[in-house]
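*Asks:* Sharing a structure here in structure tokens format.
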Ligand code: SAM
């Protein structure tokens, strides 16, 4: 099968990039190879790709996977993808918004799915949250995202990048940083640096919780005003002073600490102690 470069396809179809859709297409083969290698695709795998663009990454995935479902929002790209990838019987193209897609319909009878994407940066966090929290049978997410967001995802306590997003992702997944990527790896070049990360789903979430909703509420409150002590940050929970003192005591956490110093396990202990008093 003849293979054209990203630039060839863009010129061939006179494609006009849309800034609003986060269209920065990959032109660096070494980044492509690193994404493919990290994604670790084998011939029984189902892959879901979000935002295939002109199909640069898609083609490499199709060469390795059992099936690739790609979801693309831009109607201008649909005929290009249909034409360029028409020789792959294992390709399913969905014209739609990944944020509104029920991935279970695509997963069907497959036991699990691997997500791979050079994500449109304007929807990175909502897409990751959707995949993690909607209980899909995913094995991994190998994604290229804005470097700053990747650093927040991988951050550990006591650094300024550590926050609610770090905890959400690390509760469900092991995070590996694959490589950094400079703007010249794309057309057009974005204004920011990028990073490739891999999220491997843990067989069980990192901690056992009595009340997951309460845990994430506490995490959100703790980071909403990150300079506040936990004692002050958790006031919106409207729990009596006596009960709050007891919860901090039972979880052995000093209420004068700030949320950014707590590990996921410590947030879990605090949340369980508060849950017991409700
Ligand atoms: N995968 C291609 C590559 O690596 O060259 C393109 C990546 S580009 C950063 C992001 C792609 O996502 C674009 O093709 C864009 O049209 C598409 N896109 C943007 N928002 C989307 C959404 N909500 N759902 C699905 N695709 C979207």
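Placed from the backbone N, Cα and C atoms, the Cβ positions cover glycine too.
Features from TrEMBL:
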- 24, 26, 51, 72, 97, 118: S-adenosyl-L-methionine binding site (BINDING)
- 31-203: domain 'Ribosomal RNA adenine methylase transferase N-terminal' (DOMAIN)
*Asks:* Counting other CB atoms within 10 A of each CB, which of the binding-site residues 24, 118 comes out lowest?
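*Replies:* Least crowded of the binding-site residues 24, 118, by Cβ count within 10 Å, is 24.
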*Asks:* Across the record's S-adenosyl-L-methionine-binding residues 24, 26, 51, 72, 97, 118, the largest CA-CA distance in angstrom?
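*Replies:* Taking every pair of listed residues, the largest Cα separation comes to 20 Å.
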*Asks:* For residue 26 (S-adenosyl-L-methionine binding site), which residues in the same chain are close in space, meaning a Cβ under 8 Å from its Cβ, but six or more apart along the sequence?
*Replies:* 6, 32, 53, 56, 57, 118, 144, 185, 186
*Asks:* Note the mean pLDDT of the domain 'Ribosomal RNA adenine methylase transferase N-terminal' (31-203), expressed as a whole number.
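*Replies:* For the domain 'Ribosomal RNA adenine methylase transferase N-terminal' (31-203), the model's average pLDDT rounds to 97.
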*Asks:* For residue 51 (S-adenosyl-L-methionine binding site), which residues in the same chain are close in space, meaning a Cβ under 8 Å from its Cβ, but six or more apart along the sequence?
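*Replies:* Long-range Cβ contacts: 22, 71, 72, 73, 98, 117, 118, 119, 120.
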*Asks:* Would you say which of the binding-site residues 72, 97 has the most Cβ atoms within 10 Å of its own Cβ?
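*Replies:* That would be 72, with the most Cβ atoms nearby.
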*Asks:* Per DSSP, to which secondary structure element type does residue 51 (S-adenosyl-L-methionine binding site) belong, with helix, strand and coil as the options?
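*Replies:* For residue 51 (S-adenosyl-L-methionine binding site) - judged by DSSP and reduced to three states - the answer is coil.
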